[in-house]
Amino acid sequence: MTMDESTPQYGMTRPISISLPEEKDHRFTKELDDCLRSLNYFESPEELDQRIQVLGQVNSLVKKWVVRVSEAKMPIDECTRVGGKLFTFGSYRLGVHTKGADIDSLCVVPRHIQRSDFFTTFYEMLKECPEVSDLHGVEEAFVPVIKLKWKEIELDILFARLALKEVPDDQQLNDDILLKNLDERCVRSLNGCRVADEILRLVPSQETFSLTLRAIKLWAKNHGIYSNIVGFLGGVSWAILVARVCQLYPHALPGKLVSRFFMLYSTWKWPLPVMLKDLDTSPRPDIPTLIDLVWDPRTRASDRYHLMPIITPAFPEQNSTFNVTNSTRQVMMNEFEEAREISQRILHGLCTWKDFFEEVNFFSRYRHFLVLVCVAATKEDHLIWVGFVEAKLRHLVANVERNKAVKMTHVNPNQFRPIKPLQFRIPEVDDPVCSMWFIGLDFDRDLAKNVDFTNEIRTFNELVDRQKSFRRSVGRGQEGSDEGQYNASMKTLVTHVQRRSLGQWLEEKDYTRGRNANDPRFKRQNSSNAQSIVATGSKRRASTMAEDTKPASSDDASPSTSQSASSQPMHSPSVSVGTKSDQTPGVPEKEVDENGEPMPKKICHSLSTPNLSPAAMSDRQPALQLPVENPDYSNTEHGTTISNGSEENGKDPNFSWVCEKAAASRQESPNPIHA
């Protein structure tokens with residue numbers, strides 16, 4: 001079949017191909033579906049029925065709540081007609097939700113119901129329900145939400161107040177006029193439902209779209225690039241990308257569309273936007289305040305700086321990927337290229353779909369990591385605090401990647417729990433609840449002579465502290481709001497961990513999962529302190545392996561390494577990196593990597609920069625977080641070479657000055673923990 005004038009056009013352009021599927025396309029799609037089912041990726045009919053029952057119960061509760069609030073605001077005989085309705089959006093509305101996934105929902109009410117009622121009386125009604133657990137509200141969020149579990153099914157309930165007297169059971173949200181006279185937060189809440197409905201309307205086949213999107217989402221999660229909040233792509237963005245491929249290949253089956261997806265986006269010329277319809281020809285209502293929100297780099301200067309624009313199809317059309325940074329985009333482009341090669345091998349029968357979906361080991365990619373630790377005293381406090389900190393994580397990533405010596409930062413969106421004994425301690429809390437995120441660091445060898453992250457960490461700490469104080473002041477005294485519940489036990493820590501020291505922080509199953517974890521270049525050795533992971537490339541010298549994997553001894557370990565890890569206070573030191581500028585005669589083989597280039601010096605934990613003289617450092621300030629418990633040994637990560645890679649600690653005059661400076665800093669701080 002060839003394209004002609006009668007070919008339907010589903011998007012901004014005509015299709016790339018309208019060829020009908022061949023027999024092998026049906027076979028590939030059947031294999032794809034079987035693979036997803038073998039991975040237990042679909043819900044059982046019983047689990048799906050339970051979701052439907054839960055949504056029905058919550059919908060009934062919404063109606064009862066609207067009636068209860070209305071009784072105080074209007075005649076009783078009119079209260080039964082005002083209505084109220086629960087809508088769904090996100091993965092559940094698109095038909096791609098997985099086993100155990102949460103349900104995104106929207107509570108739509110008539111005009112006389114206020115958001116304050118939602119976070120007070122409705123919150124109290126939920127609290128009284130025996131089926132509800134893990135209930136907490138976030139009223140001051142960008143999109144206000146109540147989070148809960150109803151019979152172990154997680155729900156996020158948003159709120160939207162329409163400018164209507166009644167909200168009947170057959171109410172729809174696709175009419176743009178409904179947005180008139182609404183505040184911006186209600187418009188954002190409605191946007192999820194409107195976008196999901198518009199996506200389903202713009203694809204040639206909803207069944208084909210759903211199966212393709214399921215495959216792409218599972219691949220993205222297993223490759224660690226599924227998270228809008230930390231700078232990758234969220235569910236809506238992946239759905240728009242898949243929908244655009246479906247528009248370009250309207251008759252293709254999912255087995256082929258997956259391959260075409262990566263062929264298209266591995267070569268996409270970003271920041272060229274991905275759109276499902278032409279914004280210039282789409283009719284819009286006369287609502288000036290919302291028209292100003294429409295993504296348009298021709299008139300909005302801020303839109304010109306978006307790195308990977310993927311535009312939502314519902315009015316007001318906006319970029320769903322404004323969190324993407326240079327590093328996260330590069331990580332995704334690398335993954336697209338690798339997936340394109342694997343998907344092509346599948347079409348040629350050289351590998352299977354299980355190879356395509358295999359989880360990738362994140363920790364095998366980098367030698368150095370920054371770790372962001374989120375700590376709270378109780379499970380309830382941690383539930384509030386971890387969401388707040390996760391929303392700020394992208395700021396830390398952006399700060400670090402702006403350092404000229406950093407080639408790329410790669411944040412793992414998964415949260416981890418540290419093993420005990422903890423590598424930090426909180427004097428006020430005996431048994432803290434903790435979560436961690438790991439950020440892989442890739443350095444530019446030519447510039448990584450002496451890298452200092454003190455300012456980056458300080459800026460992040462100030463942001464977290466400032467926002468925390470603001471939330472506490474805004475939410476104080478608000479019933480049903482988490483904002484007034486921030487307390488002094490909620491802490492953050494940014495520190496450095498080498499790959500070979502991961503065993504001190506994580507369980508083995510956490511850092512040995514996925515492809516490349518069992519690569520012969522990775523040898524897990526048991527040392528006297530913890531299990532280590534050491535990269536041993538084929539060109540690495542035997543002396544390097546012996547040096548990296550041998551247990552710490554009294555000759556090469558600092559006095560602080562012999563102490564219990566849990567004895568160290570929770571702290572976020574500045575992080576410095578030094579590398580030798582050139583390979584010179586007399587440098588031992590162990591200082592050379594597999595490519596024959598000088599090995600980078602290890603990152604150190606310090607309150608200052610040890611490679612500069614006191615005069616050069618006089619205008620520097622220590623990081624705001626956490627002086628170490630033993631400041632005299634704060635630079636011991638360097639081993640015996642902390643200055644220019646040649647002088648021993650005891651012989652370097654700068655080292656003594658740094659230790660004295662750190663000790664003075666600790667004495668001046670009455671509290672050894674700073675948020």
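Heads up, the Cβ atoms here are built off N, Cα and C, so glycines get one too.
For F89, G90, S91, T98, D102, I103, D104, D156, K217, Y226, G235, V236, the entry in TrEMBL reads ATP binding site. Long-range C-beta contacts of F89 (ATP binding site), restricted to its own chain and to partners at least six residues apart, with a cutoff below 8 Å, comprise D104, S105, L106, G192, C193, V195, A196.
TrEMBL lists D102, D104, D156 with the feature Mg(2+) 2 binding site.
Sequence annotations record features per position, and here TrEMBL assigns domain 'Poly(A) polymerase central' to 208-359.
The region 'Disordered' annotation in TrEMBL covers 470-489 (among others).
Annotation source TrEMBL lists region 'Disordered' at 508-654 (among others).
D156 (Mg(2+) 2 binding site) has a Cβ environment of 18 other Cβ atoms inside 10 Å. In terms of Cα distance, the binding-site residues that sit within 10 Å of D156 (Mg(2+) 2 binding site) are D102, chosen from S91, D102, K217, G235. Annotation for the binding-site residues D102, D104: lowest Cβ count within 10 Å of the residue's own Cβ, D102. Same-chain residues that are not part of D102, D104, D156 yet have a Cβ within 8 Å of the Cβ center of the Mg(2+) 2 site turn out to be G90, Y92, I103, S105, K147, E154, L155, I157.
Listed in sequence order, the residues of the same chain lying 6 or more apart from S91 (ATP binding site) and placing their CB within less than 8 Å of its CB are H97, T98, A101, D104, K217, G235. Take the CB of K217 (ATP binding site) and look out to 10 A: across all protein chains shown you find 22 other CB atoms.
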